[in-house]
């Protein structure tokens, strides 16, 4: 059996760890999407699961909204894989959350039939996290990381 120099063995081991660690992170997060969101039901202190949502981008020349994707939040209140890095460009985006359907599924009424969060992406190489903190009579959001 050939003798492999120690530094080569260490390098191969580090490459192996790096490859499988980054793969695990991608699998755990569901997607390497540059835009993430989650819904938190602040009235009950639980993730907002099964919230239908849509992601739109505004056309800068006409101001018309173009649908990019639709999704539903998972049991953790997250919706992975909203947009790919290749699709993600500078511009104005809108996340539309179907909050009325969410509250109705729990037998409750909501003051807001939907919530729309409009935000500007100035650097598509950055990560953008846009959460929705939700109760039946209020909501808030912020730019997370």
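Glycine residues also receive a Cβ, built from the backbone N, Cα and C atoms like all the rest.
Taken from TrEMBL, the feature signal peptide applies to 1-24. Under the heading domain 'Transthyretin/hydroxyisourate hydrolase', TrEMBL lists 30-144. Annotated substrate binding site per TrEMBL: 38, 78, 142, in sequence order.
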Cβ-based neighbourhood (8 Å from the centroid) of the substrate site, residues 38, 78, 142 excluded:
36, 37, 39, 40, 77, 129, 130, 131, 132, 144
Extent of the substrate binding site in Å [max Cα distance among 38, 78, 142]:
15
Under DSSP, the domain 'Transthyretin/hydroxyisourate hydrolase' (30-144) has how many residues in helix, strand and coil?
6 helix, 47 strand, 62 coil
Long-range same-chain neighbours of residue 142 (substrate binding site), Cβ under 8 Å, sequence gap at least 6?
131
Would you report the average pLDDT that the model assigns to the domain 'Transthyretin/hydroxyisourate hydrolase' (30-144)?
96
